[in-house]
Amino acid sequence: MKYRADIDGLRALAILSILLFHLGFSFLPGGYVGVDLFFVISGYLISKIIYKEINNHSFSLLQFYERRARRILPALLSVMFVTAIAAYIVFFPTQLVEFARSALASLLFSANIYFYSTLNYFSPSANETLLLHLWSLGIEEQFYIFFPLLALLFAKKSYRALFVFLLCGLLFSLFASQWVLSFNPPAAFYLLPFRAFELLFGCIIAFEHLPAVSKKLSLIFSVLGVVLIGIALFKLTSTSAFPGFAAVLPCLGSALIVFAGSQGNYSFIHKMFSLRPLVATGKISYSLYLVHWPVIIVANTLYPDAQGFGFKCSLLVLCFVLATLNYYLVERYFRYAKTSYSAKKYLSNSIFALCAVALIPTVMIYNQGFPNRLDDRVNKAASYLNYSAKKLYHYGSCFLEYDQDPRQIDLYSCLPKDSENTVIIWGDSHAVHLYPGLHESLAKEGYDLGALTSSACPPIKDFELEVRPYCKIFNTLALDIILKVKPKILIMTAYWPSTPQNMELLDKTIQLIAKQNIQILLLGQSPVYTESVPTLVVKRIKAGNPIVSSADIMQTEYLIHTESIMKKMFANRSDVKYISVLNSVCPNKVCPMVSADETPLHFDVAHLTEAGSKLFAKKLTPEILKSYG
């Protein structure tokens, strides 16, 4: 296949968008769509080769997989090896075990499936997941396994059958992605069936029997493609519902550019993408993608406070240096090296290399992350990075997951039966994390606490969040139950969305409930940190500093803003009693981070451990009883 410099230039746009987005440059809020550009390019290049070889009756699955192994594995394994060393040096035992598990999944071409199954609402944040970026490689690898077989099957019937298959597959995957996005966003994001349409965009434009277009139309396609990609880069954000229909912007845009160039009508757009700096960047884009995320994570782990422009630029340069070394010393060498090995022999050697590298994470898991590297205090704090709150929070029953339809759950099951002193706590995860402690402390005072809580769903009537499709339904059902049960006290709390519109909706919700003579207790925002608390505790232990909060490690701007708005709106009212959680738990604006025996009170940036829930309840219960007891 004839080399096209403009495709390497488009690769450069893709990787630079990803890099700038992951480095935190805010001017490119949709930089993550660079991955989607890669998907289209990969689909185009792979299928172009497959179609040609099928047409020439020279296609061989073994040779195809050998070429893929040469292209993917050497660079991946070298980066994996170096990353494992870095993880051993900078990660805590529990983090090292999680890294090792994700490494094994990546080596088995299933990183996307692993992260889909493990990265849930209470998982370690992305900033502690060293190989998270390999999810996209998992999708491509799975596509490479299945697509050649299907293409061969349909092409044997007719090229028309192949084209119909490609088009139907694209449309089915696209609409399935949009549908699944409405109730299970992680599945739409991570899993091949809901991402396949992006690669199929490339497969369709590589189809040899498409009609030719004029030079003028090629120019229009190219310009339109750039516009669509630009809209995606600058208008989409990390909160946009994605992929689904939104992914059509970058995918169609890149497909138009690549297709126009395939007609031989090179416009100024293609000449721009063919500029030497862009082409050079495109050539190392795979190595650059492999190294960039580990570099960012390790750097942020070692220097969490260094987030300035100069630091980001230094990381950008470091990524380019490491990627260039990996490209010339490993990726290009193995890709183009002439060997006497047959395809079968090369694949056998590749499997052996995969197994050899897999020994490293296997040993890490077997030795439980080598805890003897660290002292007992550090190990205890670090162990809470892997804390599971599912049982504590009654996950799936009293606390609903984002994809659970509340109409299918018995919401009464988490409420007291036939109690004259019923108290209900209503809200999201910031409500349920208080439930274990308050349940115990209020029981000692003769009250029975029940819970109506759902993931990322604050107790606000008519509150809507695109990625939480069941939230409005849950709140409607919860409100009906509250008005029917009429608890002695209703506690409302959440990770408060403090926009004027949401605060107005909260006010209306309170007024509606208060009309039924239900005593309402509104709890303000709980502490929220910039990093997971176990990580912060470890850093303070190592530095010999007191294990308490300070303004620089908390989301101070959000906390001050939210506290100010809620006090102004809800303090000193007769229909609701407002309690500032920050004032109750954090005297003199200093929040405790551990219990007396140095057990972390939070397992991530906000959510409470059992020890944290009990300590917060101990502080809040007197305030609750003073208000309504």
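Backbone N, Cα and C define each Cβ position, glycine as well.
Marked as domain 'Acyltransferase 3' by TrEMBL: 5-324.
The annotation domain 'SGNH' is assigned in TrEMBL to 412-620.
The feature transmembrane segment is assigned by TrEMBL to 12-28 (among others).
Summarising the annotation, TrEMBL assigns transmembrane segment to 72-91 (among others). Below 8 angstroms of C-beta separation, residues 99, 103, 106-107, 130-131, 137, 141, 286-287, 290-291, 294, 298, 301-302, 326-327, 330-331, 333-335, 350, 353-354, 357, 360-361, 364, 369-370 of the same chain, each at least six residues beyond the ends of the transmembrane segment (72-91), sit close to that stretch.
TrEMBL lists 130-154 (among others) with the feature transmembrane segment.
TrEMBL lists 161-181 (among others) with the feature transmembrane segment.
Note on the transmembrane segment (187-207): residues 36, 39-48, 51, 112-113, 115-116, 135, 139-140, 142-143, 147, 151, 159, 162-163, 166-167, 169-174, 176-178, 180-181, 242-244, 247, 251-252, 254-255, 258-259, 262 of its chain, located 6 or more positions outside it, place their CB under 8 angstroms from a CB of the stretch. As annotated by TrEMBL, transmembrane segment applies to 187-207 (among others).
Annotated transmembrane segment per TrEMBL: 219-236 (among others), in sequence order.
Taken from TrEMBL, the feature transmembrane segment applies to 242-263 (among others).
The feature transmembrane segment is assigned by TrEMBL to 284-303 (among others). Nonlocal intrachain contacts for the transmembrane segment (284-303), taken as residues 6+ away from its ends with a CB within less than 8 angstroms of a stretch CB, comprise 8, 11-12, 14-15, 18-19, 22-23, 38, 71, 75-76, 79, 83, 86, 90-91, 127-133, 311, 315, 318-320, 322-324, 326-327, 330-331.
Per TrEMBL, transmembrane segment is recorded for 309-330 (among others).
Annotated transmembrane segment per TrEMBL: 351-370 (among others), in sequence order. Beyond its flanks by at least six residues, the transmembrane segment (351-370) meets 73, 77, 80-81, 84, 88, 91-97, 99-101, 103-104, 107 of its own chain at Cβ-Cβ distances under 8 Å.
Tertiary proximity for the transmembrane segment (12-28) is limited to same-chain residues at least six positions away from its ends with a CB under 8 Å from its CB atoms, namely 34-35, 37-38, 41, 229, 233-234, 254, 273, 277-282, 285, 288-289, 292-293, 296, 307, 312, 315-316, 319.
Long-range neighbours of the transmembrane segment (130-154) within the same chain, counting only residues 6 or more positions beyond its ends whose Cβ lies under 8 Å from a Cβ of the stretch, are 35, 38-39, 42-43, 46-47, 50-51, 54, 59, 61, 64-65, 68, 72, 76, 80, 83, 86-87, 91, 99, 102-103, 105-106, 109-115, 119, 161-162, 165, 190, 192, 195-196, 199, 203, 289-290, 292-294, 297-298. For the transmembrane segment (309-330), same-chain residues at least 6 beyond its ends with a Cβ under 8 Å from one of its own Cβ atoms are 19, 23-25, 74-75, 78-79, 283-284, 286-288, 290-292, 295-296, 299, 303. Panel annotation: around the transmembrane segment (161-181), residues 150-151, 154-155, 187-188, 193-197, 200-201, 203-204, 207, 209, 241-245, 247-248 of the same chain, lying at least six beyond its termini, place a Cβ under 8 Å from a Cβ of the stretch. Note on the domain 'Acyltransferase 3' (5-324): its mean pLDDT in the predicted model is 92.
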